[in-house]
Amino acid sequence: MVRWLYSTNAKDIGTLYLIFAVFAAMIGTAFSVLIRMELAAPGVQYLNGDHQLYNVIITAHAFVMIFFMVMPAMVGGFGNYLVPVMIGAPDMAFPRLNNISFWLLPPSLILLLASAFVEQGAGTGWTVYPPLSGLQSHSGGSVDLAIFSLHLSGISSMLGAMNFITTVLNMRNPGMTLHKLPLFVWAIFVTAILLLLSLPVLAGAITMLLTDRNFNTSFYDPAGGGDPILYQHLFWFFGHPEVYILIIPGFGMVSHIVSAFSGKPVFGYLGMVYAMFSIGILGFLVWSHHMYAVGLDVDTRAYFTAATMIIAVPTGIKIFSWLATLYGGSLRITTPMLFALGFIALFTIGGLTGVILANASLDVALHDLKYKTTTYRNSYYTTGPLYYKPSTLSRQQLDAFVVGLIDGDGSLQVNHWRYKILQFRLVVKLADKPINYEMLCIIASIYGGNVRRVQKEGGYVIWTVNDKKTFTRTILPLFSKCAPLTSRMHLQLQFFLVFFNDPNVDLYFKLRDSKYIDREKVSPLFNKAPSYFSDWLGGFIESEGSFVNRSSGGSSFSIAQNHDYYLIEAIRDFYGVSHLTISNKFGKVSGYPLYEVSIASLAGVTHVIYHCVPLLQGYKYHQLVEFINKSKSLKAVTKEFLNLL
């Protein structure tokens, strides 16, 4: 319990945000069900004609879903979980501020729910317009409680926004410029700026409403020289950016999902970034399009009509960039991809109807009609991020897969700093592909470390662990459960453990050039346990496997390794083939002979496909899909199996 109350770990706090959002979603859904039951048939149904109660339920539903479900989930939950991982930061810039920004939300939700039970409840709608929210219409304490709830929620969001902005600007990995940030990080960054600029205006508006109700001021009371339209201007100066606060994190999520399941980088990265910034800036300049029906003068309506239509330009850039990302890609129609495609379709419809409503004269005619509600609902992004996880493996399978990945493309390093102290690193380098980046981010979120993209040497993504606590907590226990099976990694691990437990610099310089000297004497390491070897082999193929469609029409799979004859022999036996090639070539760096298993028969390659499809998690999976699609015989043989998956 103490861990969760006092935690300053970004992932713990992200988990708390997500749990809180699910709890709030259940409350909000319960209110929604009551509304739908009442509207299910003409006339009075369940609320006995109590219109105030109906308005209270509407208000509570809106506040709960906006301030306690969508914002905590998308910004607090996914933001805390993914932003530090994506920029290579160990945590957020202000961990304790992160903690308090979450723990302000439960009392805020309690205050909001309490407002529904004080006297007749707050039946003002989520806009809380005066004079309906004034003393004459709501004389009890319900609206005051709702205002205090919004204050707490707003403070929470502003603290979180400051934290995100500082983290993104100051805690990126060396070499990660702003133009290399993942799009989801940009989305959270833009959202944080919008929160920081818009929430103080809302706070001022509802504070003036509070003083009108309790301290005899008349900011919004015409009898004292006030104007209720002032409240509408202040509220919608917050309210329209709030729409983008809800949708922009969804933009970032959809960009990653579309990229990952298309097997391509996002089309027009810079255009996507500047489109998000443009949407954020323009969002502050169009607030009065929510107020066409209150009697604005014609010049004001003309300006807001033009400004609102301009927002369609950056929005269109984003939609066409998503479509261009899909075009020509190797599409995998998974659950998150279906959500993303549904979002693009609905968002396009919502955006087009929004352009029509931007026209002030049409908006007045269509005001309070279902057309307007449909516009907003169609712009809502869906729950694809909840379903998007590159790995469908159990933790036991993932452990073996990660060790296989390290055996293939990883290295355990012991280095010195200025001949004084020893440094310890785990490094895994893969090709610079979006799905490899996503896969390594997920692995890093479980086992620790940082992931970053490097542009030199043709580009690659790299997962590094260099923190002794992380080694002690996750990496070394992983190797004790799942032994590496290549002689290279076996000797690296032995060398690593000698100095990890006793960092003797003099002994290090004495032994560092001889750690591979006994490689010939290493006994066969492959694990005979079929389940472990099968899962380990998935990670090893992700690193070292090769799928080739030959110009003659045939298809083959091959995997090679320096020195480890017995390991390659075990792979050959696992796939039930008899052919093992001993190449005359020697490894460029190691100088050891190269052993290779090559499988070209239809039955053998089909066996490999059946084994690899559930296990591969990165770019090799895309290669395998293309490999199958280019071969008619493989496509025919594996069709039923792939459909089942």
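Cβ coordinates are placed from backbone N, Cα and C, and glycine is handled just like the others.
These figures come from a predicted structure and were not determined experimentally.
Annotated in Swiss-Prot:
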- 1-368: region 'COX1 exons 1 to 8 encoded' (REGION)
- 369-645: region 'COX1 intron 8 encoded' (REGION)
- 15-35: transmembrane segment (TRANSMEM)
- 56-76: transmembrane segment (TRANSMEM)
- 99-119: transmembrane segment (TRANSMEM)
- 145-165: transmembrane segment (TRANSMEM)
- 183-203: transmembrane segment (TRANSMEM)
- 234-254: transmembrane segment (TRANSMEM)
- 266-286: transmembrane segment (TRANSMEM)
- 304-324: transmembrane segment (TRANSMEM)
- 337-357: transmembrane segment (TRANSMEM)
Positions on the same chain near the transmembrane segment (183-203), where near means CB under 8 A and six or more residues out: 75, 78-79, 82-83, 86-87, 150-151, 154, 157-158, 160-162, 164-165, 168, 234-235, 237-239, 241-242, 244-245, 248-249, 251-253, 255-256, 266, 269, 272-273, 276-277, 279-280, 283-284
Long-range Cβ neighbours of the transmembrane segment (234-254) (under 8 Å; 6 or more residues past either end): 66, 70-71, 74-75, 78-79, 127-129, 182-188, 190-191, 194-195, 197-199, 201-202, 204-205, 208, 276, 279-280, 283-284, 286-291, 318, 322, 340, 343-344, 379-381, 384-385, 388
Cβ contacts under 8 Å made by the transmembrane segment (15-35) with residues that lie 6+ beyond its boundaries: 4, 7, 46-47, 54, 57-58, 60-61, 64-65, 68-70, 72-73, 76-78, 80-81, 102, 105-106, 109, 113
Average model confidence [pLDDT] within the region 'COX1 exons 1 to 8 encoded' (1-368): 94
